[in-house]
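Participant: One structure coming up, written as structure tokens, with questions to follow.
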Amino acid sequence: MTQTNPIFHRLYRVLFLALISSYSFLHYACKTNPEAAPTGVVHNNAMVVSARIEASRIGMEVLKKGGNAFDAMIATEIALAAAYPFAGNLGGGGFMVYRMADGQTGTLDYREKAPLAAHRDMYLDSLGNPDPKLSRIGATAVGVPGTIAGIFAVHEKFGSLPMEELLAPTIALCEQGVVVTEKQAARLENYRDQILEVNGDSTVFSNSCKPGDTLRYAALAQTLRRISEGGRDEFYMGETAQVLSQFMKKRGGYITMEDLAQYEAVWRDPVTFQYRDLNVISMGPPSSGGITMQQILKMMEPYDVSDMGHHSAAGIQLFTEAARRAYADRNYYLGDPDFVEIPVSEITDPDYLQERMENYNPLKDTPSETISKGEIAMYESSETTHYSIVDQFGNAISATTTLNGAYGSKLYVQELGFFLNNEMDDFSAKPGEPNMFGLIGAEANSIAPGKRMLSSMTPTIVEKDGELWLVVGTPGGSTIITAVTQTILNVYEYGLSMQQAVEAPRFHHQWLPDMIIFEPEGFPESLKDSLITRGYIINQDRTPIIGKVDAIRVLKDGRLEAGADVRGDDAASGF
Ligand code: GLY
């Protein structure tokens, strides 16, 4: 059999890709997709979409009384700590991406940090093996919380209403109580034994509750009142800091007064890139979200994605192959930019990304073992939460906030009224060993004092023709990046409305485990059979849902359409 000369083969591939790139560029430059009629909630002026109607309403009321999107961000973020304690928090952290009405963009990193006493091998046992319980459950798992520093940083730079006015609605909500939904009751029941094991029966969550019950949070109201009076320093240096650090000491955790006093949120440049005629603005490291999404979309860009058809075997295959390669890079190269050198321009270079797709074969699977870099194998989680805001002035906020696992470390500070995160598990406890999502990290994400752990959170804003178009994000651990990317493609390439794009079934591939994970509902058997024929392994047992996307689309006439995910209790509020 004649062997093709590898140099000719390579040349042929480069020419082929150059040809399809130019075809695609010209094709799309001339293509104008008609705007899909909205099917979600529509408002004329402003919108907040979050995991709970109580939080969306609180954000919306702030806008209605003249506050801007940043004021609403503060109010919504804090409201989620009461309305959605599964992931909303004072004891965790997050990322915010913003776009001002005049087009200025930026991001805020209020991600947790490793305590000063942390060290590379802190979760290894005497045999040098990771002890997952230490990084996942209870006081040893907790990173220094960033949420309160985050809201005060936002307030200082962009806030227009007094902080007391922004915290007051949540204080009232804590006192009136939050009505338990069916989904919330089921979640609490799922995790009650673990919460009891960590905290005993002293917390508000120790009794079983049913839909329609009301949960009140007197201690959280008290903490928020103190923060309202004493400001940021109350949480990081005042009475709250003292209670927290003493509690941590008693429970065997690492966080001290010094850790709290040193915490700072950081303003960072966004990851910004073009996908066809869209301008995508997303979160950079220490989140992997923006760069990994950029890699996926830029690897797909040379192909005629919309002509492949929504949820066609060809479309899913192309997405999967791009995601496989992007996730392989994600874990090898990415970490906290304040600690590690990240080759951002190299791994987002168009030639590099074309090379990554050189062995893509539209007729068959590319086994992950043949893809170099990346040692990643993480599983989904639906914890974390996202909210999207557009205000009546045209400012937009995309924010994702988290405790990491469901109810974080499960450790609840009864005196202060909030759960503490288990974000330390997002570090790689030992390069090559899996974390709670099966994530096998690399050196770039090893533990060091004061370092931020790598995240997948992908709060994103998309511009079209230079104007604000989409605000989007989701929880979902490692599946966040693919869920956000698919939502954008659903609207842009496949002409779905915002609500349809959010509701559409989702799939996920992350290099390892080498399988396409499908939501069990919504994909026809014939499609899965066709992918199996091409060599793909299909998994539908991993997770009942992938992400809970909350998004906003700006329609051509300026009205706003919400996409509130029916997978949760997510809801929009606007005017
Ligand atoms: N803790 C989930 C994430 O940051 O990706």
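In case you wondered, yes, glycine gets a Cβ from its N, Cα and C as well.
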Participant: Among D365, D426, D514, which is the one TrEMBL gives for the L-glutamate site where R111, T402, L403, N404, S455, S456, G477 also bind?
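Facilitator: So the L-glutamate site in TrEMBL includes R111, T402, L403, N404, S455, S456, G477 plus, from the candidates D365, D426, D514, D426.
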Participant: Could you state the CA-to-CA distance between R111 (L-glutamate binding site) and T384 (active site, nucleophile) to the nearest Å?
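Facilitator: Rounded to a whole number, the Cα-Cα distance is 12 Å.
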Participant: Enter the number of other CB atoms within 10 angstroms of the CB of N404 (L-glutamate binding site).
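Facilitator: Within a 10 Å radius of the Cβ of N404 (L-glutamate binding site) lie 32 other Cβ atoms.
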Participant: Please list, in sequence order, the residues in the chain of S456 (L-glutamate binding site) that are at least six apart in sequence and whose C-beta is under 8 Å away from its C-beta.
Facilitator: S287, S288, G289, T292, G476, G477, S478, T479, I480, I481
Participant: About how far apart, in whole Å, are the alpha carbons (Cα) of T402 (L-glutamate binding site) and T384 (active site, nucleophile)?
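Facilitator: With the alpha carbons as reference points, the distance is 4 Å.
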Participant: Using Cα-Cα distances with a 10 Å cut-off, which of the binding-site residues L403, N404, D426, S455 are near T384 (active site, nucleophile)?
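Facilitator: For T384 (active site, nucleophile), the binding-site residues whose Cα atoms are within 10 Å come to L403, N404.
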Participant: Out of R111, L403, N404, S455, S456, which binding-site residues have CB atoms lying under 6 Å from ligand 1?
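Facilitator: Correct list: N404, S455, S456.
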